[in-house]
């Protein structure tokens, strides 16, 4: 049975493809989820992709990742990244290797987007790579947890 990583997307990410395409691109959430499943699969991992517009439900997803012994978490908490101590605390509480992703470069946008509570609970944070940031995040997470790309030779 494949180890599972959780890919969690927060508020408004269900609107990808139509919401501010000049900022977020034209890819949809379904495109992101396929990219994540394919990338995780390259490492023999399964991606459990979830999205919610509600902070409490995102926290429940994080707790579920812990209960199901997920190997890692990739999270794009959207606007909650900048406001949610509760999401930060949930990520810290479960102690699962986590990578934060943002499609846009949050540091090149409004001042209120420059701070991220969730980044402090992650071992890495990526922003500004578009949806390719998810692929990069899974690559980094796979390296962190020791997952090897299918067909890759393991260094001894």
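Placed from the backbone N, Cα and C atoms, the Cβ positions cover glycine too.
What Swiss-Prot lists as site 'Transition state stabilizer' is 19. Residue 19 (site 'Transition state stabilizer') falls within neither a helix nor a strand when secondary structure is assigned with DSSP, and so counts as coil.
Here Swiss-Prot flags 24 as active site, proton acceptor, drawing on sequence analysis. Classification of residue 24 (active site, proton acceptor) by DSSP places it within a helix.
The substrate binding site annotation in Swiss-Prot covers 76, 82, 89, 103, 104, 113 and rests on sequence analysis. Non-local contacts of residue 89 (substrate binding site) by the CB criterion (under 8 A, 6+ apart in sequence, same chain) comprise 121.
Other C-beta atoms found within 10 angstroms of the C-beta of residue 102 (active site, proton donor) number 24, with every protein chain shown included. Summarising the annotation, Swiss-Prot assigns active site, proton donor to 102 and lists sequence analysis as the type of evidence.
Sequence-distant neighbours of residue 24 (active site, proton acceptor): residues of the same chain at least 6 apart with a C-beta under 8 Å from its C-beta are 16, 103, 104. Listed in sequence order, the residues of the same chain lying 6 or more apart from residue 76 (substrate binding site) and placing their CB within less than 8 Å of its CB are 8, 9, 10, 13, 100, 101, 102, 103, 134. DSSP assigns residue 102 (active site, proton donor) to a strand in the three-state reduction. Other Cβ atoms within 10 Å of the Cβ of residue 103 (substrate binding site) number 24 in total over all chains.
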